[in-house]
Structures are given as C-alpha cells and as structure tokens.
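Novice: So TrEMBL lists these for the protein:
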REGION    1-21  region 'Disordered'
DOMAIN    31-81  domain 'NLE'
REPEAT    142-183  repeat 'WD'
REPEAT    184-225  repeat 'WD'
REPEAT    227-273  repeat 'WD'
REPEAT    274-319  repeat 'WD'
REPEAT    408-440  repeat 'WD'
REPEAT    454-495  repeat 'WD'
REPEAT    496-527  repeat 'WD'
Amino acid sequence: MATLLPPPKRPKLYHGVAEPEPEPLKVSPNVVVQFVNEHDGTPIAPAVNLPANVAREGLEVLVNQLRTKDDDEHVPFAFHVALPEEATTPNAPTRIVISKSIEVDVLSHASHAFSEEDVLVVRCAPQSVFKVRPATRCSATLSGHSSPILCASFSPTGNLLATGSGDTHVRLWDLFTETPSHTLAGHTGWVLCVEWDPLERKLASGGHDGHVRLWDPKTGKPLGDAMKGHSKWVTSLAWEPLHLNSSTPRLASSSKDGTVRVWSTATRKLEYALGGHTASVNVIKWAGGGLGGHGILYTASSDRTVRVWDARGGKQLHILKDHAHWVTTLALNTDFVLRTGPFDHTGKRPSSDEEAQALALKRYTALVSRTPELLISGSDDHTLFLWSLFASSNAEPGGGKTKPLTRLTGHQRQVSHVAFSPDGRWAASAGWDSAVRLWDCSGAGQLGKFVATLRGHVGAVYRLAWSADSRMLVSASKDATVKIWDLKTYKIKSDLPGHTDEVYCVDFVADKVVSGGRDRTVKIWKN
C-alpha cells in the first residue's frame, strides 16, 4: 500500500495578507573598547574586544572584574563616550551616556561619529554605593508663614527643616511627623538666610534688619541677643568647617553694606570685620583648605570682584577681577561635605566632638585627594569662572591676581545660582534664561567642560540642589514648578507641580525635597 503524504500546510492569512517572512537574526558586531578612569583618563585595563550589544550592567560587571583592587567590593559605574568636537552641536550634549548598550547608544547615535572599526574610549565614573529614590509626590503642605518663604535648609542629618520668611519669623519643622516644631521670633525684618552648624546644635539666621541671630533648635529659644554691627541687611551666612573647629565654630556674615563680619559663637562678639568691597557683598563661602589648612573665606560682591581672605585673621590674599558685572553666586566642590560634617548615608552619629571632627576631616580629605578645592563664581554678565587658587601649581605666595582655570559660557541671561554635586565631579548652573547647564569638573580632560543643557522650565530658574548620590538635580523656578532631573539621560525624572506661585527656595536631603516660595506654603516631596 502506498504511503500518502499529508496535505500541504495552509498558509496563515492576516486580513487576507500572507504572514511575512521572519527576519533573520541580526548579528551584533564586535568592538574594541578601552575603559579609562573618568577622573584622570588612565586605563583601567588593556583594551578588550567584546560584542557591541553587551548591556550596561554587563559592562559594569566586566569593569569590576578588570579593576586591580584587593577588595571584593562591587562599585557601581556610569559609562560615557565623549563626542569629538567636530561632531558636537551648540547646546547639545557633548557626550554619549551608555544607558542600554554600546550598539544602541554609541554606534547608532545620530551624530554617526563612531563605527565598529574604531577603538572606543569608554570613560568610567564610579557612582555612590547608595542610591537616592526620586521624589514623586507631595507628602505634606505646611502652612504657617504669612509672607513669601525666602530660604529653606535641611539640617545636616535631615531630621529638621528651617525656613525663613518675609513675616520676620524662622520656623522649624519636624520631618518625622511633618508638623511645625518651633516658631523663632526675634528679627524685625525679612529673614533672608538660615544656616545650620555642621553638628546640628545651632541655627543661624540673618535678616533685613541687619541682625544675625543664633537659635537652639531643640527648644526654639534664642541663644542670647542679636549680633549687631551690619548697617544694612544680611545677605549670606557661612559656618566655620567642623574639621577646623569642632567645639565652638565661628560664623561669618556678609551684608549689603559691603562688609563681612566674623563672629565668635561662644561669646557672640565680633572677632574681626573685613572691608575692601565697594558694593554689596552678595555671598560668602568658608572653605576648608587654603595655605596652611586654616580655612579660607571667599566673598563675592556687586563691585564685580571675588575676594579671598585668610580666615585666621582676615588678611586679604587675592582679588579676582575677571567678571564684568555683579557676582551673585559662589559654590565650592567641598560644599556638601562641609555642610554635613560627620554625617553620611549610614546615619551613624559620632559619640564625641573629637570623633565628629575626625570623621569630618576624613570625608573632606577623601574628596580633595581626587581634585583640589575648586571655586566656581557666577555673575550677571551671563558667565561663570572656575578657580583653583590653592593647588600647588596655581597658588601665588604674595596675593597677586590669580587667573581662572576656565570661563564657562552659554547662558543667555544672568546666572542666578550655581551648585557643585556632593562628589565634586559636576557643577550645575541656573539662569534667568530658564535653562540649567551642566559642567564636568571631574578633572578628565578640560575642567569645566560643558556637558548638557537641561530644558523644561518656562520661567527663570532661581535655585538648585543635588541629591546626596550626585545622580539627580532639583530646580526651583519662577514658573511655579519644581523639577527633578536625571543626570543619566539629561531629562526630567519627576515634575512636581503644586505651588501656585513662584518657587524661591529648594533643598534635597536623603529622599526628601523641600520647596517654598511666594505662595507662603512649604511643600515636602517624597517617593
């Protein structure tokens, strides 16, 4: 009997159309990759040949295996490839961040700057060992101030919040219960600035009345009378770094009257006053390094200069005259470790002042061992300057003029605020042109190299704050919104609307964001 063959398989039809032929699997090319350290450009290992479709997580595992380290600690990395100058376009990112794979992000990039025949130099930037969750919702709307909120600051541990307002009051808020803690009454004018000491024992405030006041955050009581001396309003406050003085840190205040005053917080007496500026001193920073490691004061003024002082006795060291208009903002790459002192993401509290001082010194030294203490100044001339005044190769013993490392241009209007990331690798600047610009200060290649413009606001950006892991940036704007930016994609991660008017101040600690502004409400944002 003959064997019967089965009938031919009936082809599937989709709305009368035959099923398309399956596409052949695409073979991923191999590429030669040289992994280098982002900080100094040194190779991590010899160049390796690997498939271009290896995921970013696979690259992280590979780099951790290639590193010549004695410990077994896994370090998270971010990867990017720098675009050649001829392939960059104005206001576009100057680097390609590898978020998926080399094949998807680099070889398929719109610039077509790289091919599979090139040796790809992939820069590896170590990330924080902890990760901050982005805030996505408003967990509390705190009312109580009867005038616009002009300043807000979390305490170093993130347990307390202080806000200053045009109603002449400072208010303390308990972040565990998200309720008012104390109302600090004493100023007779607007409260323009509040600053916590690094051990969270005292709070300083400065106001439109020209007075500087100290408060006990536990009781809400003033620590003595106001410290008087300024003839016009106080514009900025700065505490002496904890690793220089743990028992009785001094406090510096700048004023519209063109002077800077350094106060003893133990006696509330004036130690010395700094004259020399011929117009309002807009901001003051107390740095932890300098010649001899005794601390340095930086002051920026409307007389278009930045002046540098020895914090021991107030001797003037430098006058920086490169700006062409009012200098309105300063930032140090050590700001975060100076502000938080001995407190880090582990939440441990030191048992004594000596232990706190040792921990603060360890954190400060670890940061400046990678890059010397850097200063960035922003001005109404639409530009910023990056300075390294006390690196061994750049310091002048006499006090003559020191040239900036680089000039940062790109803003179309006045620069309103500049802030360094906690790890000191990035700087972000905000302007009246509604843009936030990101700069690379890690020391890989040119310091201060433009990275990307963050666009999304439709009004002037007033204030910036970084997350503790340096992976996110939060901005407050005239357009009544707060936005959180993802620095892996340079795009908005969370848009936080809710304010009904301009947002003047913002701060970021742990996974909490605070904002306040003209609508007289404080908003706490969480994940």
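For all residues, glycine too, the Cβ spot is worked out from N, Cα and C.
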Novice: Under an 8 Å Cβ to Cβ limit, what residues of the same chain, 6 or more beyond the ends of the repeat 'WD' (408-440), are close to it?
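Specialist: Residues 38-39, 91, 125, 128, 325, 328-337, 367, 370-371, 374, 376-380, 382-386, 447-455, 457-470, 473, 475, 477, 479, 485, 487, 490.
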Novice: Taking DSSP states H, G and I as helix and E and B as strand, how many residues of the domain 'NLE' (31-81) are helix, strand and coil?
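Specialist: Reading the DSSP string over the domain 'NLE' (31-81) gives 11 helix, 18 strand, 22 coil.
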Novice: With helix taken as DSSP H, G or I, strand as E or B and everything else coil, how many residues of the repeat 'WD' (408-440) land in each class?
Specialist: 0 helix, 19 strand, 14 coil
Novice: Please give the sequence-distant neighbours of the repeat 'WD' (184-225): residues at least 6 beyond its ends with Cβ less than 8 Å from one of its Cβ atoms.
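Specialist: Here the qualifying positions are 147, 150-157, 159-160, 162-166, 168-172, 231-239, 241-242, 246, 249, 251, 253, 255, 257, 261, 263, 265, 268, 338-342, 353, 356, 360.
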Novice: For the repeat 'WD' (454-495), find every same-chain residue at least 6 residues outside the stretch whose CB is under 8 Å from a CB in it, and list them.
Specialist: 78, 93, 97, 99, 127-128, 130-132, 134-136, 336, 345, 413, 416-423, 425-426, 428-438, 501-510, 513, 515, 517, 519, 523, 525
Novice: Could you give the number of helix, strand and coil residues in the repeat 'WD' (496-527) as assigned by DSSP?
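Specialist: Counts, helix then strand then coil: 0 helix, 20 strand, 12 coil.
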Novice: As a quick check of your reading of DSSP, tell me how many residues in the region 'Disordered' (1-21) are helical, how many are strand and how many are coil.
Specialist: 0 helix, 4 strand, 17 coil
